[in-house]
Each structure stands twice: as structure tokens, then as C-alpha cells.
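J.: Attaching a single structure in C-alpha cells format; questions to follow.
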Amino acid sequence: MSKLTVTVPDIGGAENVEIIEINVAVGDSVNADQDLLVLETDKATMEIPCPQAGKILALLVKVGDKVSEGSAILELESSDSADTEQNKAEPAAAAHEPAQTAPVAEINAGAADASATDSSAADSVESLIDLVVPDLGGASEVTVIELCAQPGDNLNADDSLIVLETDKASMDIPAPVSGTLKELLINIGDKVKEGQVYGRLLTQAQQGSAATAQQTSAQQAAVQAASNKAVENAPATTAAAVSAVPVAAVSETTSSAEKTDIHNVYAGPSSRRLARQLGVDLTKVKGTGDRSRITKDDIRDYVKALVKQAESGVAAVTSGSGIPAVPAVDFAQFGEIELQPMSKIKKVTAANMSRNWLNVPHVTQFDEADITDLDAFRASMKAEAERQGVKLTPLPFLIKAAASALTLEPSFNVSLHHDGEHMVQKHYVHIGIACDTPNGLMVPVLRDADKKGIYQIAREASELIEKARNGKLKPNEMQGGCFTISSLGAMGGTGFTPIVNAPEVAIMGVSKAQIKPQWNGKEFVPRNMLPLAVSYDHRAINGADCGRFFTTLVALLSDVRRLIL
Ligand code: COA
């Protein structure tokens, strides 16, 4: 083991280049070729890899520092025994020296020879084709900002080879045909022109010299055709500086326009590599670097946020079950706005609602209960109830009627077992009460409603509602519900479709009672009709079950004497 100072290698003569990313920290163990830091000129980014494996002893630079060839970057305790000679990092691209000559197409003699002894390769030989910078849409010179492949890489047609950038736009140059990248004749930071040969690709061609020559020139033609086709396909809205370039990859890198293409994002090679390793779609990552460049930390933060969301279930709010997220909108462009923080309850409610909406196949059925008699009875009992300290609204009657209906129609008093093989039939009846509170929607649970009288239910419901509104509910007072009642009766409305509060399988929405004409067989008579909606989980409950449940419930509410039977 020995200590060595890693310095900036030959960076093509660039001076005072800014460090925009440091990818290691003191104490890190690093491998040879692992990215240490990223430098950026005004046009290009380049990675500085570690010359050999070891442990970082000290960082001699920080983000924002300007460095030139020979500047000391860090101190490394080398774990490589033969570490005496090479103590300078080389940029990833520096290994590729431009070739002296580059014939348009040549037969690879070695491969052809090999084909003579290898029967499996008897039908094809390899040919070397030039990779040519395509039509740049009028730009005279553009800078190479990224090398997406290295010599030796096997590429499919359309795999990214290099990324070019003008001062306004970046463009991705893909492989025109599949093959093995033989060499790249350019480095990051180089300027290239249309028609310039920037590399060579080893491709398969038919055997036989005439055939091979034809094949090779056909492939070379394909190179140009692919470029031209890509040029034709480029979007009409491309930047003026580069009006038509391959693969519709042009974007104004400084534009705040929405990113839609992986190649349109502004990110260095190391960030792109990290994104590829983690399977991150860079178009979804917000860049915090200079000119909104996406750094490795941005990618890590994005992944951390996703993991956190997934763990808390909040992911469902934005993109549950793989459903594309609703695009972010800058509302300020439409008028004055103000951002108000969501309460914890609102966030939890949002996550729960999304989860339930996405997971539960909902059906909602509607009915009306004639509560004329119930209301008359309630009015007659009001004074007495008040003497007992009880406010007699329709709610306790609804709770009692729902509890009785659940007992009489037990198909509603179930939950789906998480094993997917069983239903949980409940032999208790706890009713949830959806409650509008200053902090958001809360659902306290009134236990054993089937065993309690109207006064007791009214008293307990009032206490639970008050606790909910004062933020005093204990967790166990919000658990264990079998069925929820959501009453908007005091607010108005003729009907709504409530979302099932899973793992419950049904919920009842109550709207405002109204006097309506009802036919009694002889004449229309005014009756107080209460609109009800029951939403249910169609995996657990069928329409016929709901029909029976509704009939039972409506009968109970229409004649409250039945509640004591
Ligand atoms: N039709 C007509 N009037 C009704 C009614 C109905 N369906 N339900 C209640 N009322 C009347 C009551 O009788 C009372 O009037 P009164 O004092 O003259 O008797 C008045 O409206 C106020 O009732 P309220 O104090 O709100 O009590 P409640 O017991 O009906 O409701 C809650 C309590 C908690 C259900 C209710 O306040 C609440 O928060 N509802 C919101 C539920 C919600 O947000 N759900 C989510 C929807 S997605």
C-alpha cells in the first residue's frame, strides 16, 4: 500500500475547468476507473476516473473549484501493489486516440481469416464502417459532450453513441446499424462537423468479396440513410441553431419546457450511467445543478423520495398502480396563487382515498327512505333527549338502522382476507362516522352499535365527533369499523358516491331529506324522503346483496319500530 496524489489528467488543453460534481468522500474505498469527479467547461462535461483502486485519504478540491491539467484532486491510499507509475487519472474519453486514416469501408482481414477456420462463422465476415456526423441542420461545429459507448461495446441500431451540444441544444447520435464499436475518434470537448468520421463500427457482412463489398457499401449507405431519416423525423420545433438532427433529440438545454425525452435532459455521463443502473427515468428527475443540470445527488434524492413514498403509501397519490402521474402544473402562470401546507390528516386521507379508489372495484346503488315517521318521532323525543343531554339528529337513527341491517344482511359485514382465499365474516358491528373536522376528514368508530339504544348511540357519537373535531381521538377509536356512514344531510345535496373505507366493504352516503310527493296507491302524499347511496366493493358484495341490504335498511328507517324487534 502506498499514498499517492491523484491529479487532473490531460483534459484537451482546457484551463480552469470547474468541478461540478464530486462523487467520492474521504474514507470511501474506490475501484480503478470509478468516477471521482465531473468537470465542466462552458460546453462539455467530463468525468475523471480513479487511476487505481484504493481508499480516499483526503479531498483536495471542492465543488466549484477550477482546475487544470496537473491540479491535485485527492490523496489516495492505493491498494494496488503495482501503483508506482500511473498516478494520474485519465478521463474516460482520453483513451480513444483519433485514427490516422479511416477508409469508408474495409474488410476485416482477421475476421475473414477466422471465418475460414470457424465453420459457425462461415456465412459472414465482419466489416468496418465509418460513423459519420450527420446533417447538423446548419450548425457549423458542435461540441461532443458525452460518449455513450466505449470501444468493445456491442450496440444495437439506434443505441446512443455520442451526444453533441451547441450553446442552445443537445442531440443524441445513435448507431446507424448494430455492431461492435471498434473505435471512437473523438473525445469529450472536441468540436465536430457534418460529415466528419467520428468512429468505426464493426458489423456483420455477407461472405464473398463482391457480396461483402456490396454489403459494406450498403451498410455505409444505411449510415447516411439513418442519419437523413432521423433528420427528416426531427421535430419542427427544434432550435434554430440545430434545426434538424437525429432521433428527435434536440432540446434547448436551458429551456424550462417540460422534459419528454431522455436525451433532452441535461445530465452528465456519470449521472446518466447511475440513472441507467438504478432504472431511473431522467426525464422525471429535477436537476438542481447549474442550468438545471441533473446531478448524481438529484438521482439519489429522487430514488430516496420514491422509496419513502412507497413505504408510506403516498405513492398512490401521484402514480398509484403504475398509472401515469398527473403532470405538475405551474398555476402561477394563470394568476396569483399561494401554497398552503396540507395537514397530516389531509395527506393521510389523500393517500387512503387514492389507495381505496384504485384497489376497490366500486359500485354505488341508490335508494330513498321515507323518514316522515322517523322525523316525527325524533321531533317528539327532542325535548326529552335534550333533558338527558342528548342532541337527537338523524345520525343515531342511521347508525342504529345500519347496525341492524348489517346483522340482518351479514354479507355486508365482511372484509376480504389478505390471503385472497378467504372472507372475514365479522360477528361484531362497529360503525364508522365520517366527520368533517377543521383538519380534514376523520372517521371515528362507534363500537357495538347493534347492542346500544338510540340515546346511547347519540351520546357516544357526539363525544366521538367532538373528539374528532378537537383532535383528541385515540388511534383505537378510529379502528375496527365494519361499515361507514358519511352524512352530508346537514349540508345539502341530492346524492353522492362515497369511496369505500377499505378494509370495510361498504359505505353509505346520506344526503339532505326533502319533502316529495309519494303515491300511496290512491293519491300523491307529501313524504320526507331521505336520499341514500351505498358504495360497495364488488369483489365482496354483489348487486343482489346490496338490493337486499337496501330494502332492509329502508324498511328500518321508514318504520323505526322495527329497530326494537
Ligand atoms: N337531511 C336533512 N337534515 C339533516 C340531515 C339530513 N339527512 N342530517 C342532519 N340534518 C340536520 C339535523 O337534523 C340538524 O338539524 P336540527 O338541529 O334542526 O335537528 C342539522 O342538520 C345539523 O346536524 P349535525 O349537527 O351536522 O349532525 P349530524 O348528526 O347530522 O351530523 C356529522 C354529524 C359528523 C355526520 C356531520 O356533522 C359531518 O361532519 N358530516 C360530514 C361528513 C363528511 O364530510 N363526509 C365526507 C363526504 S365524502
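Glycine too: its Cβ is placed from the backbone N, Cα and C atoms.
According to TrEMBL, the protein carries these features:
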- 89-101: compositional bias 'Low complexity' (COMPBIAS)
- 3-77: domain 'Lipoyl-binding' (DOMAIN)
- 128-202: domain 'Lipoyl-binding' (DOMAIN)
- 266-303: domain 'Peripheral subunit-binding (PSBD)' (DOMAIN)
- 75-101: region 'Disordered' (REGION)
J.: Given the model, what does the mean pLDDT over the domain 'Lipoyl-binding' (3-77) come out as?
T.: 86
J.: For the domain 'Lipoyl-binding' (3-77), what does DSSP give as the number of helix, strand and coil residues?
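T.: Counts, helix then strand then coil: 0 helix, 38 strand, 37 coil.
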J.: By DSSP, how many residues in the domain 'Lipoyl-binding' (128-202) are helix, how many strand, and how many coil?
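T.: DSSP composition of the domain 'Lipoyl-binding' (128-202): 0 helix, 39 strand, 36 coil.
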J.: Reported in the order helix, strand, coil, what are the DSSP residue counts of the domain 'Peripheral subunit-binding (PSBD)' (266-303)?
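T.: In the domain 'Peripheral subunit-binding (PSBD)' (266-303), the DSSP-based counts are 24 helix, 2 strand, 12 coil.
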